[in-house]
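Marked as NAD(+) binding site by Swiss-Prot on the basis of sequence analysis: 11, 32, 62, 76, 77, 115, 116, 117, 140. If you look up Swiss-Prot, you'll see 79, 85, 117, 118, 119, 120, 145, 146, 147, 148, 227 marked as substrate binding site. For 150, 165, the entry in Swiss-Prot reads beta-D-fructose 1,6-bisphosphate binding site, with the evidence type sequence analysis. Annotation source Swiss-Prot lists active site, proton acceptor at 172, citing sequence analysis.
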């Protein structure tokens with residue numbers, strides 16, 4: 001599959017690198033307003049190709065997206081000093097208006113994969129601007145938060161995180177909901193596994209893992225300025241599910257007809273991903289506290305999305 005990437009910064013280039021390492025894409029085209037950056041990133045990544053795959057990695061312009069099955073959008077503007085979140089969203093909506101039009105002019109059949117933050121709102125904006133069915137506009141959502149949740153649980157339980165089945169729902173941000181009540185390890189409920197393994201999940205353990213998930217980005221940004229490897233791998237994982245029609249269950253964002261009593265809101269739940277995009281939404285059974293938290297998260301996202309004209 002040919003993959004286009006808008007934005008050759010840290011996230012865009014990390015996703016291109018992950019796609020190359022995994023051999024998922026036959027061709028990757030990087031587009032950025034800074035053409036020198038796009039060219040340099042493409043050249044650097046292409047030098048890794050002989051070691052791992054046969055992917056063609058190059059820089060180009062929007063017209064070079066022709067025939068792409070997926071286009072990752074990681075473009076956006078940075079927040080100015082004194083600028084409100086709403087003002088920033090308005091400027092990013094304007095960027096997306098230009099980007100989405102040019103992407104679809106070249107690749108009208110592509111699935112859009114949104115990585116720009118705040119990703120849920122930008123997914124909503126991209127859906128409105130594109131006129132595409134929500135199933136074809138996918139935000140990275142809580143795929144990284146879910147990976148962090150599983151990683152921390154696996155580390156505590158001394159089990160492979162790939163055997164941990166637990167999800168983060170709602171916003172990719174402060175109001176996200178860690179779905180503890182239905183977390184599983186293999187075929188065993190989390191609390192049962194923890195008891196059998198002699199690793200009880202106490203309130204203190206839950207609190208530490210919750211904080212570890214919520215504040216992971218802050219810790220990484222403090223140390224190195226940005227996060228990009230994790231989300232780059234997450235984006236590659238979504239593309240893999242599409243390219244191979246794997247029908248995998250991944251926690252991604254999309255405009256949802258109804259979630260926790262809120263209509264037409266972009267938020268994350270587990271979703272089945274295949275060659276045509278989102279095939280099915282899966283809303284897990286939650287306890288009362290989690291249901292209330294998810295409703296609050298969905299309402300906050302809906303209100304914020306409505307405040308952004310596009």
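Each Cβ is built from the backbone N, Cα and C atoms, and glycine gets one as well.
Structural mapping of features recorded in Swiss-Prot.
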residue : record                                        : DSSP (3 states)
11      : NAD(+) binding site                           : helix
62      : NAD(+) binding site                           : helix
77      : NAD(+) binding site                           : coil
117     : substrate binding site                        : coil
140     : NAD(+) binding site                           : coil
145     : substrate binding site                        : helix
150     : beta-D-fructose 1,6-bisphosphate binding site : helix
172     : active site, proton acceptor                  : coil
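Separation of the C-alpha atoms of residue 77 (NAD(+) binding site) and residue 172 (active site, proton acceptor): 18 Å, rounded to the nearest whole number. Closest in space to residue 140 (NAD(+) binding site), of the binding-site residues given as 117, 119, 147, 227, is 119, taking the CA atom of each residue. Around residue 116 (NAD(+) binding site), the C-beta neighbours below 8 angstroms that are at least 6 residues distant in the chain are 7, 73, 74, 75, 76, 92, 96, 122. When the binding-site residues 62, 117, 119, 227 are compared by Cα distance to residue 150 (beta-D-fructose 1,6-bisphosphate binding site), the shortest distance belongs to 227. Neighbour density for residue 117 (substrate binding site): within 10 A of its CB lie 19 other CB atoms from the protein chains shown. The shortest Cα-Cα distance from residue 172 (active site, proton acceptor) to any of the binding-site residues (11, 119, 165, 227) is found for 119. Between the C-alpha atoms of residue 227 (substrate binding site) and residue 62 (NAD(+) binding site), the distance comes to 26 Å. The Cβ of residue 165 (beta-D-fructose 1,6-bisphosphate binding site) lies under 8 Å from the Cβ of 150, 183, 184, 185, each of these being in the same chain and 6 or more residues away along the sequence. Reported as a whole number, the C-alpha separation between residue 11 (NAD(+) binding site) and residue 145 (substrate binding site) equals 16 Å.
Counting other Cβ atoms within 10 Å of each Cβ, the binding-site residues 11, 77, 119, 147 show the lowest value at 77. The NAD(+) site in the record is lined by 11, 32, 62, 76, 77, 115, 116, 117, 140, and its two most distant CA atoms lie 22 Å apart.
Neighbour density at the Cβ, taken as the number of other Cβ atoms within 10 Å, is lowest among the binding-site residues 140, 227 for 227. It is 32 Å from the Cα atom of residue 147 (substrate binding site) to that of residue 62 (NAD(+) binding site).
Reported as a whole number, the C-alpha separation between residue 119 (substrate binding site) and residue 62 (NAD(+) binding site) equals 22 Å.
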